Amino acid sequence: MGLFDKLKSLVSDDKKDTGTIEIVAPLSGEIVNIEDVPDVVFAEKIVGDGIAIKPTGNKMVAPVDGTIGKIFETNHAFSIESDSGIELFVHFGIDTVELKGEGFKRIAEEGQRVKVGDPVIEFDLPLLEEKAKSTLTPVVISNMDEIKELIKLSGSVTVGETPVIRIKK
């Protein structure tokens with residue numbers, strides 16, 4: 001890369017030049033600080049850093065282009081690796097594993113290639129609001145050791161559309 005290429009990349013708005021990766025909302029709702037999740041594993045960032053979403057919709061979608069890693073047997077959580085190497089973990093609610101799959105329906109499969117917005121899991125929000133300890137849904141990056149900068153966004157988000165996190169590797 002020559003001097004002019006370097007200067008051009010510094011002043012360009014093109015995401016490819018700046019190396020910024022956007023994570024899009026895997027579900028609709030309101031962004032909440034990860035530290036406010038009523039589970040120490042997420043609040044203390046033991047499994048990674050990120051945000052949580054107080055959900056308003058009925059589906060979880062792929063937040064990045066990539067490959068579905070694991071979908072829990074109870075369909076309440078999934079992992080995905082982005083094409084750029086970001087490993088994400090989306091976990092609906094707290095203690096939702098105890099519902100043994102009630103209120104969740106798997107749409108995607110493990111190992112499936114997905115694009116941003118492709119449905120992964122559908123859920124019954126009224127049922128889960130009644131039965132789960134919390135519906136706050138952590139969205140965390142599990143390979144934080146590879147991340148240089150993490151910018152957490154805030155506000156209301158629309159599933160498959162609104163960015164929730166910006167990352168520089």
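Glycine is treated like the rest: Cβ placed from N, Cα and C.
Per Swiss-Prot, the features are as follows:
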type: DOMAIN; residues: 39-143; note: domain 'PTS EIIA type-1'
type: SITE; residues: H76; note: site 'Important for phospho-donor activity'
type: BINDING; residues: H76, H91; note: Zn(2+) binding site
type: ACT_SITE; residues: H91; note: active site, tele-phosphohistidine intermediate
As a quick check of your reading of DSSP, tell me how many residues in the domain 'PTS EIIA type-1' (39-143) are helical, how many are strand and how many are coil.
15 helix, 44 strand, 46 coil
Cα-to-Cα gap, H91 (Zn(2+) binding site) vs H76 (site 'Important for phospho-donor activity'), nearest whole Å:
6
